[in-house]
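The region 'Disordered' feature in TrEMBL is assigned to 1-23. What TrEMBL lists as compositional bias 'Polar residues' is 1-11. The feature domain 'Major facilitator superfamily (MFS) profile' is assigned by TrEMBL to 35-421. Marked as transmembrane segment by TrEMBL: 41-63, 75-92, 99-119, 164-182, 188-210, 246-267, 279-298, 310-328, 334-356, 396-415.
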Amino acid sequence: VSTMNAKTSSAGEEEASGMRDETLGESGCLGEAKRRRVIRIAYVIAALDLTFLFMQMGVVPYLAKSLGLDSVGFGYLQTIFGVLQLVGGYIFGRFADQFGARAALILSCASGSIFFLLMSLSTNIPLLFLSRLPGVFMHGIPGAQKVITDMTTPSQRAGALGKLGFCFGVGIIAGSAVGGVLSTKLGVYAPTYVGLLGSLINTLIAVVWIPSQTKPKSDHHVTEHSDLFSIGEILRLMKFPGVMEVFIVKVFAGLPIGLFMIMFSIISMDFFGLEAVESGYLMSYFGVLQMVVQGLVVGKLASRCSEMTLLRLSVFVFAGVGLGMALMRTVWHYCVIAVPLVFAFSMLATITDSLLTKAVPSSDTGAMLGICASVQPLTRTVGPTIGGVLYKQFGVSSFGYLQLMVNLGLFVYLLKSKIPLEEMKSQ
């Protein structure tokens with residue numbers, strides 16, 4: 001009888017725990033409908049943030065040139081922004097863990113407002129460089145990821161995070177198009193004014209519509225490590241079962257294509273022979289692919305297949321993409337290759353982010369997302385040097401062969417190694 005009572009009690013506790021996971025706890029006061037609404041608001045903030053970011057990306061080269069900055073100086077400008085994003089990613093994640101996802105999103109949007117304000121005032125080169133400084137806290141996507149991570153159960157997380165890629169596609173298409181029209185019709189500073197106004201509106205949306213608490217109170221506890229930046233804290237997170245292995249795959253699987261994308265503006269001119277307008281069309285094509293893949297494919301596969309299977313699939317497809325890149329000769333070849341490329345890139349980013357946030361305690365998910373967000377700035381920082389050497393010495397095909405070899409090696413590693421995914425759970 002005591003054994004039956006113990007089992008009944010245990011089952012009751014498991015059922016209660018499951019109910020708390022699904023509703024974010026009675027103390028969290030967030031029902032299913034409200035959770036979905038908050039997640040949709042996070043998507044809106046992310047889409048607007050990316051739109052404003054891509055607007056300024058298209059304008060900065062022309063603004064820098066009008067101020068007399070040469071190509072070397074522009075490279076320094078981009079490197080500084082990449083380093084600031086690299087350093088700020090983890091700090092931003094720790095800030096989100098300690099002060100909440102709402103505070104982190106407000107910080108990101110407010111930093112964007114300062115960023116665009118300084119850009120709109122950049123009438124000389126020093127001010128243009130100064131405008132990069134707020135970039136250290138401009139992390140709209142990790143902020144939205146933190147909200148979604150807090151508001152979803154582990155089984156829902158991959159699909160919900162995957163839909164952020166749809167926001168990325170919206171940002172590429174809308175940002176590139178609007179930025180080009182505004183700068184052409186109203187002048188090079190016009191997109192910065194729109195970005196300033198939009199970032200202020202984004203800040204207001206975060207203040208009004210994102211709740212101060214986005215996860216159950218049972219998940220909130222005072223962390224022993226309160227410093228915002230610590231190498232020891234990063235190493236601590238990497239020691240959780242499976243984290244180091246998944247993070248290595250995340251970094252190296254996408255590194256070769258990251259190097260290629262950094263050099264793409266030069267490759268599109270020299271190798272494909274494209275004009276600026278045609279390059280813009282190609283970017284829009286990528287944006288549409290991103291929206292379709294993230295909106296229609298990633299979520300459905302995540303709900304039907306195990307995350308480990310999808311991780312292996314993305315790495316295997318990446319290897320095939322590498323072979324295609326090594327053999328491509330025209331821009332039409334690249335348009336065909338872009339389909340599996342976007343699929344693999346989107347799937348890898350979504351699945352690894354989902355796995356890594358499940359592998360650490362809930363009090364550290366922001367820091368983990370911050371570390372994940374630092375991968376791209378790291379590539380942008382070291383990429384121009386490595387990519388430049390590869391392109392100059394070995395040509396475009398070298399990116400494809402590197403992609404093929406690296407991902408074949410990772411695929412074999414994932415087949416043979418036993419990453420302790422069963423130990424990855426929300427704590």
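Using the three backbone atoms N, Cα and C, a Cβ is placed for every residue, glycine included.
Through the fold, the transmembrane segment (75-92) approaches residues 60, 64, 69, 104, 107-108, 128-129, 132-133, 135-139, 142-143, 228-229, 234, 366-367, 370-374, 376-378, 380-381, 384 of its own chain, all at least 6 residues removed from its boundaries and within a Cβ separation under 8 Å. Scored on C-beta pairs under 8 angstroms, the neighbour of the transmembrane segment (164-182) with the top count among 99-119, 246-267, 279-298, 334-356, 396-415 is 279-298. The stretch in closest packing with the transmembrane segment (246-267), judged by the count of Cβ pairs under 8 Å and taken from 99-119, 279-298, 334-356, 396-415, is 396-415. Panel annotation: around the transmembrane segment (188-210), residues 38, 41-42, 44-45, 48-49, 51-52, 55-56, 58-59, 62-63, 66, 101-102, 105-106, 109-110, 112-113, 115-117, 119-120, 140, 147, 178-179, 182 of the same chain, lying at least six beyond its termini, place a Cβ under 8 Å from a Cβ of the stretch.
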